Every structure is written in structure tokens, then in C-alpha cells.
Amino acid sequence: MQEKTLTESIDAALSSIGEASRTTQPEIELRENGVVTTVLNGIALIRGLPGVGYEELVEMSGGVYGIAFNVDPDEVGVVLLGEYAKLQAGGRARRTGRVMDVPVGDGLLGRVVNPLGRPLDAEGEPRFSGRLPIERPSPGIMDRNAVSTPLQTGLKVVDAIVPIGRGQRELILGDRQTGKTAIAVATILNQKGRNVICIYCAIGQRASAVAKVLAQLREHGAMAHTVAVVTEGNDPSGLQYIAPYAATSIGEYFMEQGRDVLIVYDDLTNHARAYRELSLLLKRPPGREAFPGDIFYVHSRLLERSTHLRKELGGGSLTALPIIETEAQNISAYIPTNLISITDGQIYLSPTLFELGNLPAVDIGKSVSRVGGKAQLAAYRSVTGRLKLAYAQFEELENFARFGTRLDEASRKAITHGERIRECLKQDELDVLGVEEQILILLSLSEGQFDPLELSEVSGAMKRLSAAARELPRDLLERLHSDRPLSDEDRRRLLQTAEAALQKKRTAGRL
């Protein structure tokens with residue numbers, strides 16, 4: 001009896017195994033596994049991954065990731081991302097079958113993250129809506145719209161002389177410690193309440209410098225509309241290299257939703273150096289200044305992603321402010337000339353003007369905006385044309401007067417007027433002004449109302465004009481912010497307001 005029961009149990013078990021084998025389809029997955037042969041200064045050399053693709057993400061022992069940069073038949077050169085101290089030769093490596101991507105979404109607003117999307121602000125993991133590749137093709141020609149809307153920086157010299165439009169790429173360049181980052185930060189602060197998303201991308205910056213910028217943004221309430229993507233100087237070169245691409249993908253997410261985005265790359269000099277270091281370690285042929293031959297393409301494919309999309313695609317825009325550091329005022333060096341040719345204009349900051357206290361130290365003669373003028377508000381165009389000409393004449397006469405030449409009355413008046421223009425274009429760091437304040441000051445300046453004042457009185461006069469501008473009638477404010485030129489009646493009302501504000505000081509002085 002027991003034998004029969006045992007036999008039946010065995011038969012039933014074998015039958016179930018047979019049935020399972022007929023219905024079960026085993027899943028076989030082929031994976032390429034390689035071996036790390038060399039780890040050196042932020043790169044790794046791997047053997048045994050013959051099918052890996054260019055810029056494919058590679059996972060190595062200890063959870064270290066890298067991007068395949070050199071794809072040779074026998075060996076793959078991988079740029080390491082993140083901490084790699086525990087990675088050693090002999091470690092395992094495998095393909096992931098995907099490219100590097102970054103988390104995107106509204107949950108990143110107000111956060112400080114690294115290019116991998118990992119938080120640096122001790123506020124926990126950020127909420128995100130999805131992921132986008134860090135390398136994306138730039139919009140086609142037929143997907144773009146003309147730059148037609150101004151992006152106000154809050155700085156008189158920029159908004160009046162070298163205006164920036166939404167979707168433009170405006171280079172900021174100058175020697176170290178001349179106020180390049182200050183202009184970019186002021187522009188971010190001025191977007192508060194203007195429905196513009198801002199992205200600050202720090203590339204290989206000192207931790208103290210980044211902390212200062214973030215403190216300024218928080219102090220002025222600008223972090224609510226800002227995402228900070230940060231790499232420090234001690235981060236691996238690979239992480240510094242991907243930082244601007246990751247930040248741009250975050251910005252493109254908002255742009256494709258029809259929103260306006262401003263992105264600051266601080267700075268692309270460090271980015272170029274990081275790419276040069278990686279290329280030399282991977283034994284790529286060096287070119288001019290030891291940079292690899294494709295350094296122009298590295299930056300052009302990044303900046304071409306900034307644009308103003310046509311209405312059918314949402315009408316969003318991505319405005320780029322790349323920053324470049326020059327050496328000894330040499331703007332004809334390799335990287336600066338590359339960026340000047342890629343961008344739509346440049347703002348050059350002169351160390352000479354900086355040392356003289358003319359802040360922001362914008363050299364008007366070497367600064368230009370190739371497309372922003374078409375986006376500038378009409379009220380600016382009504383007042384800045386004469387200012388540019390007067391200032392150019394003043395600079396020429398000032399150089400001439402240094403030789404001790406006696407000047408006629410007209411020349412002396414031109415110098416007096418030019419000195420007031422230069423004084424009016426000065427602005428304290430992060431002290432941004434609204435459109436109505438700038439236009440009232442510039443109109444009063446162009447009409448010579450500042451000429452009777454002493455230079456020491458100009459700063460106080462501008463403050464009184466700013467206060468008066470904030471009290472202008474609503475209908476006049478709306479016209480100043482519109483694209484309609486100033487009418488004769490508008491000019492008369494503005495000049496009366498300016499004269500009344502300036503008269504207060506004179507009356508107070510007589511009393």
C-alpha cells in the first residue's frame with residue numbers, strides 16, 4: 001500500500017515537472033561584461049566590451065558610472081562620474097544600454113543638485129517628472145522663431161546699450177574679478193515675478209564662490225524660480241564636463257512646456273579645461289593651446305540648444321548667458337574667439353574700468369548685441385540712440401584732451417555731458433532697476449537735465465528719479481512696457497516728472 005502511494009507521488013511530481021518544462025519559456029539575457037584595466041585621474045580603461053556605443057553609460061564595481069568616450073576595437077576609454085576612489089584595476093564593468101540622463105521637473109525649482117540630479121542642499125531627494133538625456137539635438141531651423149521679446153537684466157548699461165532678447169545667447173567675458181558673475185546674478189534676480197525660470201550652472205567653481213552666489217539668490221528671494229546645478233573645482237573632470245549639458249536638458253524641459261528659461265554657464269573656461277584634461281588623458285591628438293580639435297563643436301552643440309521656439313511648439317525660449325574668463329584682456333585667445341563666433345553678441349568687462357570704479361565695468365566699445373536690438377522695448381530705442389553717439393564722441397574727446405589740447409566750448413560741453421552719461425550708467429552690485437526707472441533716468445540724461453549737476457550729485461539725483469518713476473500714472477507705465485514708441489506727449493510728461501524730481505534738491509539746497 002505504501003509502495004503504491006509512493007509510486008503515485010513520484011509519478012505526480014514527475015508529471016508536474018514535465019508540464020512545467022513544456023509551459024515555461026526561459027528568459028536568456030546576454031550581457032557584455034568587461035574588466036577595468038586602468039584607473040587614472042578620472043578616467044578608466046576597460047577591455048571586453050566590444051559592443052559598447054559612443055557616450056553609452058557604463059556601470060563598474062562599487063556602483064561607479066562612467067561615459068564611454070573612446071571606443072576602440074580592443075579597449076574602451078571611460079570618463080568617470082562621481083567618486084571613484086574605491087574603483088581599482090581588475091574590477092568588473094558592464095554595459096547599461098542607455099545614455100546618460102538627468103531628472104527634470106518642477107520639483108527641482110529651489111534646489112541645488114549635481115549634474116547627476118543628486119541633491120547637494122540636504123533637503124532630501126528632489127521630486128521630478130521624468131528624465132531626459134543630457135545630450136539632445138538642437139531644434140531645427142523651421143522649429144525656431146525670431147528673437148522678439150526682451151529679457152530685462154535690470155542693469156541700465158545692458159538694457160540700453162547691449163539689450164538681450166529671450167532665446168538669445170549673449171557671452172559675458174572679461175578678466176578674473178571684473179564682475180562677470182555679478183551681471184549674471186543680477187539678471188537672475190531681475191526675473192523675479194516675470195515668469196522666467198532661471199538655471200545657474202556652476203562649472204568647476206570654488207565652493208566659497210558658489211556659496212556666495214546661492215546666498216545672494218536666497219537673500220533676494222530668487223531661489224523659488226531657480227535651479228542650481230553645481231560642480232566644484234575638486235569634482236572629477238567628467239562631472240564638470242557634463243554639467244552644462246545636464247543643466248540645458250533641465251532648461252529644455254521647461255522650454256518645451258512653453259515657458260521662458262534663462263541659463264547661466266559659470267564658466268565655460270573651466271568646462272573647456274576639463275574637456276582638454278579628459279582628451280589628453282585619453283590620448284586624443286592636441287591642437288591649438290593643447291585643446292582637442294573638436295572643442296568648437298563641444299561648445300557650439302551646447303549653445304545651439306538655446307532658442308525661441310515657434311508658437312506651434314509652445315513658444316518657449318531658452319536664453320543663454322555663457323561666461324568666459326580672459327587672460328590679460330586677450331579676447332583673441334582660442335576659447336574666447338570660439339565663443340564670440342558662436343554667440344549672438346558679447347558683453348566685455350574691462351579691468352581698467354573696474355579699477356576706476358565704473359561698475360558694472362562694461363566696455364561699450366567692445367560689447368555688442370547682434371539680435372537683442374530687435375527685441376528691445378520701443379521706449380528704450382527712443383532714448384538710447386543719442387546716448388550711444390554722445391558717449392562715443394565723449395570717449396574720443398576725452399582721449400584727445402589728455403594731451404593738454406585746448407578745447408572749444410562745444411567740445412567742453414560734450415565732455416561734461418559724457419561724464420554724466422558714464423556716471424549715470426554706474427550701478428551698485430545687485431541693485432536692479434525696473435523699466436520705468438531706467439527710461440526716466442536715460443531720457444532725462446539724453447535731454448541734458450543732468451548736465452548742470454556736479455558729478456557727486458548724480459547718484460542722489462538718480463535715486464530721486466527712481467522714486468518718481470515708481471509713482472508714474474498707470475497708463476504711462478503700460479505704454480513704457482509696451483512696444484509702442486514714446487509719443488511727444490509721453491516725453492513731455494516724463495521730462496516734467498524728471499524736472500520736478502531734480503528741482504526738489506535745488507529747492508532744498510536754497511532753503
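From the backbone N, Cα and C atoms, a Cβ is placed for every residue, glycine too.
Pulled from Swiss-Prot:
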BINDING   G174, D175, R176, Q177, T178, G179, K180, T181  ATP binding site
SITE      S367  site 'Required for activity'
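A map of Swiss-Prot features onto the structure.
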residue : record                       : Cβ within 10 Å
G174    : ATP binding site             : 28
D175    : ATP binding site             : 19
R176    : ATP binding site             : 11
Q177    : ATP binding site             : 11
T178    : ATP binding site             : 27
G179    : ATP binding site             : 20
K180    : ATP binding site             : 26
T181    : ATP binding site             : 22
S367    : site 'Required for activity' : 21
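Within 8 Å of the Cβ centroid of the ATP site, not counting the listed residues G174, D175, R176, Q177, T178, G179, K180, T181, the chain contributes E325, L349, P351, F354, A361. S367 (site 'Required for activity') sits 15 Å from G179 (ATP binding site), taking the C-alpha atoms as the reference points. In the three-state DSSP reading, G174 (ATP binding site) counts as strand. The secondary structure of G179 (ATP binding site), as reduced to three states from DSSP, is coil rather than helix or strand. Reduced to three states, the DSSP call for S367 (site 'Required for activity') is coil.
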